[in-house]
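Some features that TrEMBL has for this protein:
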type: TRANSMEM; residues: 40-61; note: transmembrane segment
type: TRANSMEM; residues: 68-86; note: transmembrane segment
type: TRANSMEM; residues: 92-111; note: transmembrane segment
type: TRANSMEM; residues: 163-183; note: transmembrane segment
type: TRANSMEM; residues: 204-231; note: transmembrane segment
type: TRANSMEM; residues: 243-265; note: transmembrane segment
type: TRANSMEM; residues: 272-289; note: transmembrane segment
type: TRANSMEM; residues: 301-323; note: transmembrane segment
type: TRANSMEM; residues: 330-351; note: transmembrane segment
type: TRANSMEM; residues: 371-394; note: transmembrane segment
Amino acid sequence: MNLDLLSSLLTAVVVLLIGTLVNRSVGVLARYNIPDPVTGGLLFAILASVALAAADFRVVIDPGMKPVLLLMFFGGVGLCADLRMLKRGGKALVIFLIILLPYILVQNVVGVAMARTLDLHPIFGLVSGSITLVGGHGTGAAYAERFAEVNNLQAVMDLSMTVATIGLIVGGIIGGPVAQYLISHYKLRSTAREAGDTEEEAAAISPITTVGALAALAGMLAAVIGGRWIAAQMPAGPITIPGFLWCMMLGIAIRNLLPFIGLRFDDRATDLITNVCLSLFLVMTMMALDLAEVALSAGPFLLIIAMQVVFIILYVVLVCFRFMGRDYEAAVTSAAFIGFNMGSTATAMANMRAITSRYGPAPTSYLITPLAGAFFVDLMNAFVLTMLLALPLIGG
């Protein structure tokens, strides 16, 4: 059965809502911060696989909206990137970003080395590296579409979604124990007091207005239209920047230049629309998963992820914890670093909550983690991946 565009959209929304209900009802899914579209889409894919095997019944989703939803998401990411946040995060944020950049490279080197050892295309090493583990499902899907088109790697989308999901789970499992080890081994304790409500928190409860939502939508559409135009004008060369990254960079420019003429965006409205676009894109992607193909080819990727776990634990203990100050805040930030680089910002925040609820507050960690996740990690990840894909050894 082939669904048209509107029927596909309705089905995706219903599946997304089902995923939300399941996540709220099943504690383990909420604990590991499995995204609603992943849960709903995976349930749909399972049912679709059963229907295909039992009754030769296939449901085909119209993918026509996916490219626009993806570009809207990245345009929104750029539109949320206030460069003034660097000043707000201070020295701790700068150190965290300095630590983060080489690890993104390390993660990809590990992935490519393991892929070559297992006789896989090196691009699969990047898929098992920062594309999915740092970038998450959205970035994984974006690059997967590019690899399918440019490198003719047709199974890469299914594997990207699988690796990103496993990364979320693993990041949520190992972050807390590593931080607890550091706290116990070095006898660390919190020195901060519980923070009270701030004026910013009070302002955040004001409703999102229609004008604010329309302004955010206009900014995102401008970033998408402009980004697509720029990508079309760029000549082919050894270093090719994908269209979705141009959308993100144009969104950054719009966000940080418009205040000079007195125009500002409501970040909450932008974030809401961005999340809707990403959720719909992801659920449509997950609904189209070929689970039989994933099951046949996922084995080597589990070995790569196991090696990634070993390296991130070593990096956190030997580098992140030490450079962040070897104190309680550094231990909490280490838990966030693991969640951040194996899953998502949400996984990082959940890891920190698990530690601070037991050992006490860590305000600096709570400040720098969402700041890094809001924008900086995507830009650094894009930079590293663009450089690596320009190498004949990998992208050729």
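Cβ coordinates are placed from backbone N, Cα and C, and glycine is handled just like the others.
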Interface present between the transmembrane segment (92-111) and the transmembrane segment (40-61) (three or more C-beta pairs under 8 A): no
Among 163-183, 243-265, 330-351, stretch most in contact with the transmembrane segment (204-231) (C-beta, under 8 angstroms): 243-265
Top partner of the transmembrane segment (330-351) among 68-86, 163-183, 272-289, 301-323, 371-394 - counted as Cβ pairs under 8 Å: 163-183
Distant-in-sequence neighbours of the transmembrane segment (68-86), which means Cβ under 8 A and at least six residues beyond its ends: 93-94, 138, 141-142, 145, 216, 219-224, 227-228, 243-245, 247-256, 265, 267, 270-271, 273-274, 277-278, 280-281, 284, 371, 374-375, 378-379
